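Chemist: One structure follows; several queries about it will come next.
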Amino acid sequence: MNQEVMNLFNPQAPAQTFDSIRISIASPEKILSWSYGEIKKPETINYRTFKPERDGLFCARIFGPIKDYECLCGKYKRMKYKGIICEKCGVEVTLSRVRRERMGHIELAAPVAHIWFLKSLPSRIGTLLDMTLKDIERVLYFENYIVTEPGLTSLKEHQLLSEEEYMIAVDEFGEDQFTALIGAEAIYELLASMELEKIAADLRVDLAETTSDLKQKKLMKRLKIVENFLESGNRPEWMIMKIVPVIPPDLRPLVPLDGGRFATSDLNDLYRRVINRNNRLKRLIELRAPGIIIRNEKRMLQEAVDALFDNGRRGRVITGANKRPLKSLSDMLKGKQGRFRQNLLGKRVDYSGRSVIVTGPELKLHQCGLPKKMALELFKPFIYARLDAKGYSSTVKQAKKLVEKERPEVWDILDEVIREHPVLLNRAPTLHRLGIQAFEPTLIEGKAIQLHPLVCTAFNADFDGDQMAVHVPLSLEAQLEARVLMMSTNNILHPANGAPIIVPSQDMVLGLYYLSIVAEKEPGEGMIFADMGELQHALENKVVTLHTKIKGRFKTVDAEGNPVSKIYDTTPGRMIMGELLPKNVNVPFDICNQEMTKKNISKMIDHVYRHCGQKETVIFCDRIMQLGFAHACRAGISFGKDDMVIPESKAKIVAETEALTTEYEQQYNDGLITQGEKYNKVVDAWGKATDKITEEMMARLKAVEFDPVTGRQKQMNSVYMMSHSGARGSVNQMRQLGGMRGLMAKPSGEIIETPIISNFKEGLTVNEYFNSTHGARKGLADTALKTANSGYLTRRLVDVAQDAIISEVDCGAEIGLTMQPIVDAGQIVASIGQRVLGRTALDPILHPVTGEVIVEAGRMVEEKDVEIIEKAGIQSIRIRSALTCETRNGVCAKCYGRDLARGTPVNQGEAVGVIAAQSIGEPGTQLTMRTFHLGGTAQVVDSSYLEASYEGTVKLRNRNVVRNSDGNLVVMGRNMAVLILDATGKERAVHRVTYGSRLFVDEGDTVKRGQRIAEWDPYTRPIMTEVEGYVEFEDLVDGLSVSETADESTGITKRVVIDWRSTPRGSDLKPAMVIKDKAGKILKLSKGGDARFLLSVESILSVEPGAHVKAGDVIARLPMESAKTKDITGGLPRVAELFEARRPKDHAIIAEIDGTVRFGRDYKNKRRIIIEPNDDTIEPVEYLIPKGKPFHLQDGDVIEKGEYILDGNPAPHDILAIKGVEALASYLVNEIQEVYRLQGVLINDKHIEVIVRQMLQKVEITESGDTGYIPGDHVDRIELEEINERLIEEGKKPGSGNPVLLGITKASLQTPSFISAASFQETTRVLTEAAVAGKMDTLQGLKENVIVGRLIPAGTGGMTNQIRRIATARDELIIDERRKTSGSAEANAMLVDMTNNAAE
């Protein structure tokens, strides 16, 4: 009884708890069971009375009352009649809320096909019936008959007959000898009569017998759908609808506007169409109208239902009165404005406000300034409650009045309410988790929110009019999480790379840099100070300045905490900064006794954080911020026109370069170089000139000058200080202001030959200005485009990685990755220490000399270990990685390593996938926004020489060199490398040297650091001879394969190989040069082949026939592409290409086996290359290579597995197939890092590894064994391993598969959760597929749980769910015990109690 009374006042039934959601096709019985009545009329509401029409689309009898507890005619009102059905109007007396839940239905006079199963590719109905979509549509839309039962006639089942053919057949065989139907009835009959088990068995037999790939694919597709129907219990005929469900009226409302018009949901129009046509069809059937009219009406009904479910999927889009397409049920779900993305994944929040932000330098790091007016509005309910509790008001109404009048007691209460109640601040776009942080509000006058300057970097905020939103966490748990996890003081490190993110910037950096400058000959130089008091005294009396060289005593503590002091050579400015350092034995004065550039400040904060903990760091940051602002203000550093110095030597350098370009022009006119070579040389020369001028300018700015009168050092150049300290501006921008603007790029990415010689200070000429607009505009256009692209990339990344959560501590994996330092052009760009820091060692890391263990296996590498590793010069370390982690759902903590944002091992429940996605996506947007800062200034990227990066001894791997006629050593090997070994014989550096490079060192030579090892021409690729002899041409026929091109401007001719395949006569030619001896015999090469050198298109011949050549001489050369500028434009699309695992446009061809290269018979425009394996058990492998592609292998070359046969970017799938997972991982990580490194963005490798892990989750079944899978199925890797283990135990045959690499979009759509996939992309397709298969969503990932409105299974939600599971299990145990001991009544009562407690 009491339960009933409780329910009266709390009508909301406890929300049902569920663990999974299943989707399937609704049967007609199911639709009827949902429905509360049939809708017979198309009317909506009566336009005079505004009451719903009976049996219409808004009927109150079917859907429920319009007002709470009141029937339509008004006979029954109030609660006491709850549940009564009025006998006059037939309306149940209940809550009007049921109009949101109750559905209706329409009985169709003729069956219609469900458009999703018909048109969503691949068509389910088509695949099931094994008919083409066109044929099915012909039957559905009443063009052709289809034979459903051929009987004993010569007709075949599923045969289509036109009207005439049908008539002829009827005449010939008689009407009852066979059955042929038309329209959806026909398809319904066919589907209903399918015997799925038998079809599945037949298909399996066919599959085993067929040999053709195409047939196999087709059969497999069909088998899959048949199996789906069998497993899910769906019936095929349910794809044809006889009853259409009608959604509740409050979900498709009709709202009266003023002026007697109505705003209606499009669905009402679509339903109205269906009802009208259905009723007309019923009437026509009753009237026994002619067949053709009925058919037409049936077709129109089919079209109306199609439009209702998915408008525009077939035929014309149905538009409303204003020519706007009507929004169908599918459109309600799809896209950014659809149900999933608009309302389920993102919602508008109560208790929030937004305002402009201004800087609040006097705030502490954990505070923000909240305008009083805003706080009053946001915290209203809390204020009402407190007013009531304090007795200022007795009702809510009174409290409201008090607040509206803004009485003084209200302000006091607001202070109380706000104290220790954190609020969340968010700045859009929220690109990573630091875009929302919690602060404690302090009340301020005014209307703008005050933000602490140090958190600006995290929010990417500036104060030029940015706005931020404030949200109030209401529940105690929410406040707790905000305080413990989201407080700005808890987010000191950047989750992407573990570097501090609370770093002073701009003014603060400038102030601190100014403080730390040392100047010569300042007053008081050489004085010694005992403590800060003395120093302050001296400063105030101007005995010393901030920059004087002095000796000072710095006080700190030793390891036991006893005060100690030490004397340093320093300056008063640095002493003031040192005063702020926390007193700790590990924080020496040295870290601030240096020039405080932004980098050094960041290092200092990091150091303090590592050794003194979070609290000290926060206090320290606040104090150096105050100090920085104060001194930036006092220093008065400003930017003046004359601070930009134009170097005197500029004119000279420009004149020299102009002379050079004239010379190149002349060489080109004389025919010594080609147009392309000239262009490259000119661009190169101007590039060098720009660099030279920049160097001179920087030298002038850096120069220290002394005042002739006082003898004191003049103040440093202000602009140089700004740039050098890292506060603002780069060398690049200074070059454009004071040096020369340099080369510009066209919008296409090509560099314009004529540079901009002027700088902005001198001003540009008209022509220069025009050229400069190219680059500038491209920058702006790029920015707009790429912001969108980058956001989309982030979205795809988040989607693919959202269910990577730390779910256990250790998975016990015994495999991992090998880390090595990354070397680029001889420079170490990422040291091994940086790469292994915060990762778990897989094997013990041993010292190479002493052999002692530096890090045990399974321990995380810390900063102190990194120092030892770097000193020891270890070159490769095996570590655990998320990529090789063997956890079933998610990743384990050991494989992941350190949580970068906390600096400690990662916690269970951390959503590492989302963090990885944000870390990769966030700089994407930054990068895109950064292009235009360079204003499109070109940066040429081509090096033409190699310098030693270490001292040591040279060793040549795969040595193959000759001396050419000039006496230089020339590289003849294709895969030769120069190694530099240190004194202990360890490899310090490995450099690949390209074919045709000139070597300046040989095996065993010693080199100094910076010494040139080799050089080459970056713009052409030479073809050289290995043997001495006489040149003879083969198939070099003038006009066919070779043309004498006279340069237009010079008239000088050169001979170029042209595309010989373009004419029929030239199709069999193989242009080549042969080297013969005096007797005319072809010479042999060292590898045994003939000395024949095949030439590709565009090769320029460097020798005449009959010429005498020596080994190493160039006989032809191939011009390379002109240098394109590197810009993130190549970057973002490149990152997307890698993550989407697309095959690059002209991708490299990789050798699959070790062996020898042989040339096979050529095709018309392909060249056949055969690799004969070294191992006789393997078959030779053939490759077809487009002719005319620059191709560098010769017949007889030895090639190793994984080497490139044709250069280019390799396709990631090939790397996976040939070299395996680890090689793929390191390729992807390095390529993606390369793009970000170019922009100076640091991202930890582990983030990329997490994403790659998600891309590699599936294997493609090759041998199905007894697994029940079909070859070609994509199955979860770990799932297959588990099934195989079980099969082996049972003594059955396990299945096998190859790992497949899926792009991130594909991987997201293949997640086991259909809810997550549907909310990502291609909603209709995903839902159709899921419904046919009767898929179950177990709600494992984050997205599905957000959509169904539960706590996500990560972080605190993971714990809560775990506790809930344990509690339920225990309750069940207790109840079972009780059941055994006492009667069932008591146990049931207990159950009821428990459910109620849970609900509350």
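For all residues, glycine too, the Cβ spot is worked out from N, Cα and C.
According to Swiss-Prot, the feature Zn(2+) 1 binding site maps to Cys71, Cys73, Cys86, Cys89, an assignment based on sequence analysis. The Mg(2+) binding site annotation in Swiss-Prot covers Asp462, Asp464, Asp466. The annotation Zn(2+) 2 binding site is assigned in Swiss-Prot to Cys811, Cys885, Cys892, Cys895 on the grounds of sequence analysis.
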Chemist: From the binding-site residues Cys71, Cys73, Cys811, Cys885, Cys895, pick the residue whose C-alpha lies nearest to the C-alpha of Asp466 (Mg(2+) binding site).
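Modeler: Result for Asp466 (Mg(2+) binding site): the nearest of the binding-site residues is Cys895.
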Chemist: Give the helix, strand or coil assignment DSSP yields for Cys895 (Zn(2+) 2 binding site).
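Modeler: Cys895 (Zn(2+) 2 binding site) sits in a helix per DSSP.
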Chemist: Show, in sequence order, which residues other than Asp462, Asp464, Asp466 on the same chain lie with their Cβ within 8 Å of the centre of the Cβ atoms of the Mg(2+) site.
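Modeler: Same chain, not in Asp462, Asp464, Asp466, Cβ within 8 Å: Ile357, Ala461, Phe463, Gly465.
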Chemist: Below 8 Å Cβ to Cβ and six or more residues apart, same chain only. Which residues does that give for Cys71 (Zn(2+) 1 binding site)?
Modeler: Ala60, Pro65, Lys77, Cys86, Lys88, Cys89, Val91, Glu92, Val93
Chemist: On a count of neighbouring CB atoms within 10 A, which of the binding-site residues Asp462, Asp466 is highest?
Modeler: Asp466
Chemist: Within 10 angstroms of the C-beta of Cys86 (Zn(2+) 1 binding site), what count of other C-beta atoms is obtained when all protein chains are considered?
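Modeler: For Cys86 (Zn(2+) 1 binding site), the 10 Å Cβ neighbour count is 20.
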Chemist: Taking the Cα atoms as reference points, how far is Cys892 (Zn(2+) 2 binding site) from Cys73 (Zn(2+) 1 binding site) in Å?
Modeler: 65
Chemist: Does DSSP put Asp464 (Mg(2+) binding site) in a helix, in a strand, or in coil?
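Modeler: Assignment for Asp464 (Mg(2+) binding site) reads coil.
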Chemist: When a 10 Å sphere is centred on the Cβ of Cys892 (Zn(2+) 2 binding site), how many other Cβ atoms does it contain?
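Modeler: Summing over all protein chains shown, Cys892 (Zn(2+) 2 binding site) has 22 other Cβ atoms within 10 Å.
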Chemist: Could you measure between Cys895 (Zn(2+) 2 binding site) and Cys73 (Zn(2+) 1 binding site) for me? Cα positions, answer in whole angstrom.
Modeler: 69
Chemist: Closest to Asp462 (Mg(2+) binding site): which of the binding-site residues Cys73, Cys811, Cys885, going by Cα position?
Modeler: Cys885
Chemist: What are the other residues, in sequence order, whose C-beta lies within 8 angstroms of the center of the C-beta atoms of Cys71, Cys73, Cys86, Cys89 at the Zn(2+) 1 site?
Modeler: Leu72, Gly74, Lys75, Tyr76, Lys88, Gly90, Val91
Chemist: Other than Cys811, Cys885, Cys892, Cys895 themselves, what residues in this chain have Cβ atoms within 8 Å of the centroid of the Zn(2+) 2 site's Cβ atoms?
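Modeler: Near the Zn(2+) 2 site, beyond Cys811, Cys885, Cys892, Cys895, sit Glu808, Asp810, Ala813, Arg880, Ala882, Thr884, Glu886, Thr887, Val891, Ala893, Lys894, Tyr896.
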Chemist: Hey, of the binding-site residues listed (Cys73, Cys89, Cys885), which one tops the CB count within 10 A?
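Modeler: When each Cβ's neighbours within 10 Å are tallied, Cys885 tops the list.
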